[in-house]
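Residues annotated as transmembrane segment in TrEMBL: 24-44, 64-81, 93-111, 117-138, 150-171, 177-195, 294-313, 343-361, 368-386, 392-415, 427-451, 457-478. Per TrEMBL, domain 'Major facilitator superfamily (MFS) profile' is recorded for 26-481. Annotation comment: TrEMBL describes 240-260 as region 'Disordered'.
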Amino acid sequence: MEDGNRSFTVDEALVEMGFGKFQLYVLAYAGMGMVAEAMEMMLLSFVGPAVQSLWNLSSREESSITSVVFAGMLIGAYSWGIVADKHGRRKGFIITAVVTFVAGFLSAFAPNYTWLIVLRCFVGLGLGGGPVLVSWYLEFIPAPNRGTWMVIFSGFWTVGTILEASLAWLIMPSLGWRWLLALSSIPSSLLLMFYKWTPESPRYLILQGRKAEALSILEKIARTNGTQLPKGVLGSEMETEMEETKSHPTESTHLLKPGELEEAPPPVSKMILKPDSKGPLLVLLSPELIKRTLLLWVVFFGNAFAYYGVVLLTTELKISQNSCYPTEKELTHSSNDVNYRDVFIASFAEFPGLLISAAMVDRLGRKASMSSMLFTCCIFLLPLLTHQSPTLTTALLFGGRICISSAFTVVYIYAPEIYPTAVRTTGVGVGSSVGRIGGVLCPLVAVGLVHGCHQTIAVLLFEFVILVSGICVCLFPFETSGRELTDTISTSNEPSSSSV
């Protein structure tokens, strides 16, 4: 077949054009969304204690300020995923940016506790759209170096936490929590300012049959990167595979005799989904996807439970040890003030995790990277089954945070790679929602045990959750490192072999 009639897919075009200036622009925009989410989450550590003393809140009322954000994120992660899969990635993340910015900015003017709770819940609802930006960014990255660039993208979360800790250190002592809330909404406003220059995902457009629009975006990528598109005609994954089947019949097609047809193994069947082919949750739980979906839910839950747990234990274990194992010095001194300098320094703990992720994710693969980090985290937490010195406790939790942040980074790379385009953002969104449940339960269950001087039981709980998550990672049906993203669902566990 002549090159002029040959079909090429979006993935093949991206590989041909390579990673260039266009992807850097997409990275900057999506990264700003990650910074916005990190800052809105990080400020909860500072706002809660401030409003508790201002409005004489109970401990339960203070914790509700955090809980309603997670509740909003749980709803938003599922809802915005469906919107993005049905109506496009751009429409999905612009709505979330508007909700996050408006609610976040208005939070600074909340006249009382009730209004603050309502507005922060809406902030959580907007933040639940994070997986939409993840999928949008992912669909512009060439397969060979997708893992490395996804780790770099995840680094914007760490940048956001450092910015928020720096802002709190500068703003809170003099200007107070209202200014912190207002200034923390700036990254979300930047998403609105630069929205008109963002392109729609060409993969989504191909799935909708809008090939001319998809080709126009790919041509723009080629011009920006100073490269060229492959020769031929842009087609969907299914069309390209059908063309290759016709052009290159398999060996079994020639050798099978008529009488042997019934004994031949059935071909691997594939179906291409439309976003509205049936309910998105039903698609995720279909026979072809249910195994990877349920395993992913466990891994998301375990990572979120462990991540927020290790972060909280960094301060909670010290408080618990002071009350459960008091010394003479600690009996005469106590303080509930937030140490902004310590929080700022602790924010740098995740950089080693990002470096480890970048080094492992494409070399060892997603599964090996996640499982090794989760099992190593178990080793770091093991000595904490018994009371340790403050220095050793801090060192062990620092190591545990490196491992769990590394694993969490990789799961956000792996999750969108295992789903077809039609349900990619929904799949990641629902998984992220399950993770939010882990984030909500962690302080209620594990930290409660620590406060009750049951450190051994609390650490055993973390060990169990992390261990189960690591085992589930090993049970995932396939590795995605270096593979193309797919538009189809295969009845086999392995994705198409046409990957790069």
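Counting starts with 1 at the first residue shown.
Quick reminder: no glycine exception, Cβ is built from N, Cα and C everywhere.
As the structure is a computational prediction, the values presented were derived from the model and not from experiment.
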Among 24-44, 93-111, 177-195, 368-386, 427-451, the most Cβ pairs under 8 Å with the transmembrane segment (150-171) come from 24-44
Given the cut-off of 8 Å on Cβ pairs that are 6 or more apart in sequence, determine whether the transmembrane segment (457-478) and the transmembrane segment (294-313) share at least 3 such pairs.
yes
I need to check the long-range neighbours of the transmembrane segment (294-313): which residues 6 or more away from its ends have a CB within less than 8 Å of a CB in the stretch?
370, 374, 377, 381, 397, 400-401, 404-405, 407-408, 411, 415, 418, 427, 430-432, 434-439, 441-443, 446-447, 450, 458, 462, 465-466, 468-469, 472-473, 475-476
Looking at 93-111, 177-195, 368-386, 392-415, 427-451, which one has the highest count of Cβ pairs under 8 angstroms to the transmembrane segment (64-81)?
427-451
Can we call the transmembrane segment (177-195) and the transmembrane segment (93-111) in contact, meaning three or more C-beta pairs below 8 angstroms at a sequence separation of 6+?
yes
Over the domain 'Major facilitator superfamily (MFS) profile' (26-481), what is the model's average pLDDT?
78
